[in-house]
Amino acid sequence: MLARRKPVLPALTINPTIAEGPSPTSEGASEAHLVDLQKKLEELDLDEQQRKRLEAFLTQKAKVGELKDDDFERISELGAGNGGVVTKARHRPSGLIMARKLIHLEIKPAVRNQIIRELQVLHECNSPYIVGFYGAFYSDGEISICMEHMDGGSLDQVLKEAKRIPEDILGKVSIAVLRGLAYLREKHQIMHRDVKPSNILVNSRGEIKLCDFGVSGQLIDSMANSFVGTRSYMSPERLQGTHYSVQSDIWSMGLSLVELAIGRYPIPPPDAKELEASFGRPVVDGADGEPHSVSPRPRPPGRPISGHGMDSRPAMAIFELLDYIVNEPPPKLPSGVFSSDFQEFVNKCLIKNPAERADLKLLTNHAFIKRSEGEDVDFAGWLCRTLRLKQPSTPTRTAV
């Protein structure tokens, strides 16, 4: 079902040395390293703040040295999913706080080594819209992927606190996701393969970044049978096992935006009573002002229309859900509560035929994105209020 991806050869090799005191050789290598990285950053369209933050991250990273299990102090668990457990950890030698993802896999040493090799491509992924990567290693049956810690967590966690995420905030999210996907495609010929709210991370500085993208074909194959859940963000063509491309990432982004906007996974679609409970007033659909329609197909047994709030019905069985995605009309935003630009943007993402679905270039130039780029939105302030985080002393409006 998953297409084998051609391995991406890294354009730049990063082998940080352990800082054990001043050494002309190591210092010279480190400086040459940073000069090389700065040249890479100059190729990107960055503002001054983004450039300084990336340079600061890379300077810190150059001092980290080889990552080893014994050097980590576990602080807390950040989340768990199909891929494994993510913990907040302190790297003792450097003092840096990192997010450490532990993936337990029963695999042969040769496969394990290939995964670690393929993950090294992440060293090359330096963008304001991609979560920073410190390194990966294997220890005691687990692969550890060490990343930049994002103190706002993922958007699925933010949604639990916010209940619904406002359109102006989602405008900034859309810009960051599009720029992140474009960076992966243009600079590294990588598809994300797993765009969803839990893989969009945010922080109190107002940054929005993608994580968990598919750089390792071997890791994807090794985890292919580990899916357990009640929802899917995969496009219809991917579920049908046909050829898929970055257009599939566009579908996943559109589905994620609908979920974040209405407050719950949008399949099956919410009925009028659910929407009224969520938005606090009747929600209409269409130009003629009719109440928002329910699913065009009779609901499966045990899933009656319910007026007891969002997501109150039993979840669909996974086979029902996948059948719905492939055979039923795609989700859409209700009218009357979102701008026509936002509705149209999402509709273009959720066209079932990938050949007709909007591509990255079209979406980047869409009226919704152009309007969002021009809006002064205090994303950092909104996030800190929502999650009750302490805002940095030098707050930013948004890092997008």
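Yeah, the Cβs are placed from backbone N, Cα and C, and that goes for glycine too.
Record features (Swiss-Prot):
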| type | residues | note |
| --- | --- | --- |
| ACT_SITE | D194 | active site, proton acceptor |
| BINDING | L78, G79, A80, G81, N82, G83, G84, V85, V86, K101 | ATP binding site |
| DOMAIN | 72-369 | domain 'Protein kinase' |
| MOD_RES | M1 | N-acetylmethionine |
| MOD_RES | S23 | phosphoserine |
| MOD_RES | S222 | phosphoserine |
| MOD_RES | S226 | phosphoserine |
| MOD_RES | S293 | phosphoserine |
| MOD_RES | S295 | phosphoserine |
| MOD_RES | S306 | phosphoserine |
| MOD_RES | T394 | phosphothreonine |
| MOD_RES | T396 | phosphothreonine |
| REGION | 282-310 | region 'Disordered' |
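DSSP assigns D194 (active site, proton acceptor) to coil, not to a helix or a strand. When the binding-site residues L78, A80, G84 are ranked by how far their Cα is from the Cα of S222 (phosphoserine), G84 comes first. Look at S222 (phosphoserine): DSSP puts it in a helix. A separation of roughly 15 Å, to the nearest angstrom, links the Cα atoms of A80 (ATP binding site) and the residue listed as 'active site, proton acceptor'. Non-local neighbourhood of L78 (ATP binding site): V86, T87, K88, A99, G153, each in the same chain, at least six residues away, with C-beta under 8 Å from its C-beta. Sequence-distant neighbours of D194 (active site, proton acceptor) (same chain, 6+ residues apart, CB-CB distance under 8 A): D212, F213, G214, Y233, S252.
Taking all protein chains in view, 24 other C-beta atoms sit within 10 angstroms of the C-beta of V86 (ATP binding site).
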